[in-house]
Structures are given as structure tokens and as C-alpha cells.
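Below is one structure, written out as C-alpha cells, with a few remarks after it.
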Amino acid sequence: ATSLTGRRPPVATASRNGPRAAPGDTRLKLAPPHAGLRSRGNRALGPKPPARDPRIPGFGAARVGATVTTHMVAGAVAGILEHCVMYPIDCVKTRMQSLQPDPAARYRNVLEALWRIIRTEGLWRPMRGLNVTATGAGPAHALYFACYEKLKKTLSDVIHPGGNSHIANGAAGCVATLLHDAAMNPAEVVKQRMQMYNSPYHRVTDCVRAVWQNEGAGAFYRSYTTQLTMNVPFQAIHFMTYEFLQEHFNPQRRYNPSSHVLSGACAGAVAAAATTPLDVCKTLLNTQESLALNSNITGHITGMASAFRTVYQVGGVTAYFRGVQARVIYQIPSTAIAWSVYEFFKYLITKRQEEWRAGK
């Protein structure tokens with residue numbers, strides 16, 4: 001048919017992708033029936049997946065969406081496992097840092113020390129005090145990792161937006177240490193007194209009661225300033241080294257167990273060796289060795305300066321590095337366990353949370 005003007009009216013045509021509007025037709029155009037579907041030839045394969053956010057390379061340390069609760073739970077589990085697994089070596093380290101050990105407690109190396117402790121004092125002797133350590137490690141590491149992750153992100157956004165800042169990593173580690181040591185210091189005091197050779201304490205409650213009655217509540221925080229003096233540089237070196245190695249071994253920050261283990265082990269070794277003198281002084285403040293006290297005028301070693309002076313008077317410069325071997329051997333697997341367990345549980349919890357949200 002033709003119109004009065006003699007022209008044929010516009011006709012809508014069809015195509016493989018659906019109806020095609022006639023020329024000049026301003027009516028709403030319907031989408032093809034399989035719009036938004038992937039196809040191979042003439043077969044529809046289902047909806048296209050959503051575009052991947054480039055900020056989210058994987059479930060690694062930079063994973064967007066991990067909550068404070070996730071960091072705290074993952075940190076608590078990592079801290080408890082780390083201290084429980086490494087506790088026998090920690091016992092040896094405490095004894096090897098003794099300034100004037102009993103002749104029966106002089107050890108040549110870590111393995112020989114561990115073997116002699118088990119053979120002469122019983123199989124479970126290196127584990128004495130583990131319960132108080134695990135009790136303190138849970139909340140201490142929960143605060144530690146949650147604070148670190150929050151501050152690292154906040155400071156990095158200010159110092160180096162969209163990238164990684166070593167200054168931010170070090171500063172976040174220092175602040176996180178304040179919370180960690182505040183929660184952990186009383187447990188450290190009890191633990192180290194129970195680890196010493198010929199310790200009179202067989203139960204945690206006996207040790208806590210004796211320290212409280214004889215030295216007062218302040219004894220549980222006598223080494224806090226020295227602990228901070230040691231742990232602030234330790235954690236700054238530790239976190240900066242870990243993040244630096246992650247940039248090389250795991251630049252996309254995916255969940256990569258081998259990179260977390262290797263980076264954590266190297267970071268722990270470097271930080272431990274550099275801060276051994278401070279750890280020796282901390283051990284002296286916690287244990288208050290009787291022989292060392294005899295060389296101190298006040299009768300009690302009450303501060304970092306006093307501890308440094310006493311260590312030098314008793315053993316000279318070399319005394320500052322007592323137990324360095326045990327400390328490094330302890331920290332290598334310790335930090336490797338902590339980081340690998342922390343990253344695993346953060347990955348697992350975050351993944352479960354996202355699957356739960358997707359299924360709602």
C-alpha cells in the first residue's frame with residue numbers, strides 16, 4: 001500500500017538480534033530477548049559476569065572488605081597458635097638470657113638446652129606457663145593486628161594515596177605495639193618467672209599471688225617501658241621488612257601462603273637480631289635474678305637504664321647478646337606462623353562473609 005503522497009510507509013524489519021525499528025520511529029525500542037547474555041554462535045551462555053574491581057586483586061593483605069572483627073579474630077588465632085607452637089623454644093631463650101645461670105643450666109645451643117631440660121626436669125617442663133601465655137596472647141594479638149591494619153590503611157591514604165608507604169607501615173606497627181604490650185606484659189612477667197631454672201612456681205596462680213604480695217601490682221608492668229623500647233623498633237623493622245618483601249614476592253597482594261611464610265620469617269629474623277640487647281634487659285627486669293640483684297645498689301632493678309647498667313656490670317658488652325641464637329631461631333618460625341595463620345584466617349573469614357552476603 002502507498003500513502004497519499006505516493007510513498008510506501010516505513011516498515012519495521014527483523015534481524016538476528018531482534019526487531020529493528022523502522023526509520024523515523026521514535027517509539028521505545030525493546031531490547032533483544034537475550035540482551036546481556038554471552039553467546040557462542042547462536043547459543044546463549046548465560047549472563048555476563050560483573051566487571052572485576054581492579055582494586056581487588058585477591059584475598060590478600062590488601063583485600064577490600066575485611067572488617068575490624070575479621071582482623072581481631074584472625075589476629076587472636078594467629079597469636080595463640082604462634083605462642084603455643086614456639087613455647088618450648090621461648091623457654092630455652094629465657095634461660096639462655098640469664099646473666100649468671102646455675103651451673104646445671106648452662107647450655108651450648110638451643111637443641112642441647114631443650115634436650116637437657118626434658119631429660120633432667122621432665123617432658124612437660126618446657127611447657128610450664130603456657131596457659132597464661134595463651135590467655136594473654138589472644139586479646140593482645142587481636143588488638144595488635146586490628147590496630148595495625150586500620151592505621152596502615154589510614155596513614156597510607158594520607159602519605160601515599162593508592163599505594164604502599166613504608167613510613168605508614170612502621171608507624172602503624174609502633175602504635176599497635178602499645179596496645180599489644182599493655183595486654184601482654186603481665187602474662188610475660190608470670191611466664192618468664194615460671195620458665196627460669198629452679199623456679200619455685202608450679203602454678204600460674206601461685207606466681208601471680210607471690211608477685212602481688214611481695215612486689216605489688218606495679219611488678220607486672222615493671223618492664224613495660226623497656227618492653228616498648230624493645231618492641232617499638234622491633235615491630236617497626238618487622239612490619240616494614242614484611243611489607244617490603246611482600247611487594248617483591250606478592251606484588252598483587254593475593255592470598256599466597258608461601259610468600260607470607262617467607263616474608264614473615266625473614267622479617268622476624270632481621271628484627272630479632274637487631275633488638276636482642278633490649279630483650280636481655282627486659283628479661284632481667286621480669287625475672288629479677290637474685291645474683292644480678294646483688295650487684296644493684298637499690299636491691300630492685302626498676303628501669304631500662306638500671307637494667308642496661310646491671311647487664312654491663314655482670315657480663316660486659318657480650319652479655320647484651322646472650323641468647324641471640326635462640327631469639328633468632330625462635331622468631332623465624334614464630335613470625336612465619338603468625339603471618340601465615342593470620343592471612344589464612346583473614347582470607348577464610350572474608351570469603352565466607354562475601355558468600356553469605358551474595359546468598360542473601
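Placement of Cβ uses the backbone N, Cα and C atoms for every residue, glycine included.
Here TrEMBL flags 1-57 as region 'Disordered'.
The annotation repeat 'Solcar' is assigned in TrEMBL to 66-154 (among others).
Annotation comment: TrEMBL describes 164-248 (among others) as repeat 'Solcar'. The average pLDDT computed over the repeat 'Solcar' (164-248) stands at 91.
The repeat 'Solcar' annotation in TrEMBL covers 255-348 (among others).
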Secondary structure content of the repeat 'Solcar' (255-348), with strand meaning DSSP E or B: 77 helix, 0 strand, 17 coil
Secondary structure tally of the repeat 'Solcar' (164-248) (DSSP, helix then strand then coil): 72 helix, 0 strand, 13 coil
